[in-house]
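> Before anything else, here's the structure in question.
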Amino acid sequence: MISIDFINETDLKVKEWEDLAKQIINSGFKYLKLKNKINLSITFLDSEPAQKINQEYRNHSYIPDVTSFPIEMSPQEIKALGYQEIGDIFICIEEAERKSIKYDHSLKEEMGFLFTHGFLHLMGYDHETNEKDEEEMFFIQDEILKINKINYTIKFTEEDYKEIEEKDE
């Protein structure tokens, strides 16, 4: 069982994205064969607060499309609560829209990717540690997206990395 707390700090209507997030996270839960009940929050933010969070907690000055903050719990804590709190995902829809245009994806494909990517980070997967972990995370990410009939190809280029680095200087 999954419980998702949605927080909308934008002026946008997000019901469609809440429904997509539920669908993605439910399929991820099944794909990973999770046993514990889980709870997480998803907050929709505008560009400025998303950038502030990225600056404060990750020391990056660019506007992120997704930022995840996992919570680690001991088996004793999970047993006492009766569920596992896995963390918080912050989504900047404005940045997702910008990237969907830049990389020629629909906004639904982009949002599906962001929910999947954020969820996997909450579950402990990390693509920034080493190549093996990156391959594992991206394989699972692709499988969850396929289950949800979302065709998404990462199109991030070296130029994008340079652009991000320049914004951080």
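Residue numbering: from 1, along the chain as shown.
Every residue gets a Cβ built from N, Cα and C, even glycine.
On a predicted model such as this, the values are computed, not experimentally measured, just so you know.
Straight out of Swiss-Prot:
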- HIS117, HIS121, HIS127: Zn(2+) binding site (BINDING)
> Within 10 angstroms of the C-beta of HIS117 (Zn(2+) binding site), what count of other C-beta atoms is obtained when all protein chains are considered?
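By my count, 23.
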> Let me spell it out: for each of the binding-site residues (HIS121, HIS127), count the other Cβ atoms within 10 Å of that residue's Cβ, using every protein chain shown. Which one has the most?
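That would be HIS121, with the most Cβ atoms nearby.
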> Setting HIS117, HIS121, HIS127 aside, what same-chain residues sit with their Cβ within 8 Å of the center of the Cβ atoms that define the Zn(2+) site, listed in sequence order?
SER68, GLY118, LEU120, TYR125, ASP126, MET137, GLN141
